[in-house]
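Q: One structure is given below, represented as structure tokens, and several questions about it will come after.
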Amino acid sequence: MTLQQEIIQALGAKPHINPEEEIRRSVDFLKAYLKTYPFLKSLVLGISGGQDSTLAGKLSQMAIAELREETGDNALQFIAVRLPYGVQADEQDCQDAIAFIQPDRVLTVNIKGAVLASEQALREAGIELSDFVRGNEKARERMKAQYSIAGMTHGVVVGTDHAAEAITGFFTKYGDGGTDINPLHRLNKRQGKQLLAALGCPEHLYKKVPTADLEDDRPSLPDEAALGVTYDNIDDYLEGKTLDPAIAKTIEGWYVKTEHKRRLPITVFDDFWKK
């Protein structure tokens with residue numbers, strides 16, 4: 001088995017999907033989890049205005065609405081959380097995403113004060129954060145807020161990770177990578193667009209340039225610029241297509257060096273890191 005085949009198998013990626021079937025699969029998956037643990041009453045997700053959180057948010061709201069109708073449990077709710085750092089440049093996209101999702105509840109937690117306070121506390125301890133590390137601080141602060149909300153609403157935190165993100169490890173460890181349940185796992189980027197199109201999402205929300213937008217020195221830095229490959233390259237790789245060797249090597253390089261992000265904390269029984 002080639003490394004490409006191993007990666008495809010590990011991430012559950014498929015070359016072709018039926019969008020309607022995958023929508024139903026994700027919604028039923030979320031519902032089944034909540035039904036298994038009836039003490040859980042909410043799904044919590046940060047909404048950024050980008051493709052991934054818009055899709056995960058819509059699927060979460062659909063799952064909650066269906067489960068509420070089926071069980072009569074009106075305590076069930078989907079909580080969409082806005083988590084800007086100060087003023088977000090693409091705030092209108094966030095509002096458009098909220099309008100499309102129509103969540104049961106919307107909360108806004110501005111993380112700037114908490115991030116600056118943490119940075120100052122570290123500075124007083126003799127640690128000056130780089131812009132890159134400060135970006136990770138933002139991602140972790142966002143997740144901390146979501147877990148606090150979930151803790152107070154008997155909820156679980158929904159993740160936005162998918163195959164095209166997992167393969168490169170393009171997420172913050174214990175930030176946006178630290179979630180309870182990931183309904184998009186297995187899908188590549190273009191497949192996520194297919195699901196949103198099938199759901200009637202406004203096109204600008206899934207055709208916009210993907211960006212983590214974490215670094216102050218490089219605001220709105222496109223994911224593809226940071227990775228050195230395009231999402232079309234990554235999707236083609238995940239669909240089993242043959243790529244230019246240099247591009248394939250870059251993708252596989254990301255996969256190998258970010259393996260630790262896709263695993264639980266390393267123990268004496270692990271040996272993947274010895275490769």
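The backbone N, Cα and C atoms fix where each Cβ goes, and this holds for glycine too.
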Q: Which residue of THR160, THR168, THR242 does Swiss-Prot report at the same ATP site as GLY46, ILE47, SER48, GLY49, GLY50, GLN51, ASP52, SER53, LYS189, THR211?
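A: For ATP, Swiss-Prot names GLY46, ILE47, SER48, GLY49, GLY50, GLN51, ASP52, SER53, LYS189, THR211; of THR160, THR168, THR242, the listed one is THR160.
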Q: Note down the number of other Cβ atoms within 10 Å of the Cβ of SER48 (ATP binding site), including every protein chain shown.
A: 24
Q: From the Cα of HIS260 (deamido-NAD(+) binding site) across to the Cα of SER48 (ATP binding site), what is the distance in angstrom?
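A: Pair distance, Cα basis, whole Å: 26 Å.
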Q: Just give me the nearest neighbour of THR211 (ATP binding site) among the binding-site residues ARG140, GLU165, LYS173, ASP180, Cα to Cα.
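A: In terms of Cα distance, THR211 (ATP binding site) lies closest to GLU165.
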Q: According to DSSP, which kind of secondary structure is HIS260 (deamido-NAD(+) binding site) found in, if we only use helix, strand and coil?
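A: HIS260 (deamido-NAD(+) binding site) sits in a helix per DSSP.
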Q: Cβ distance under 8 Å to THR160 (ATP binding site), same chain, sequence separation 6 or more: which residues?
A: LEU45, ASP52, SER53, LEU55, ALA56, ASP176, ASN182, LEU184
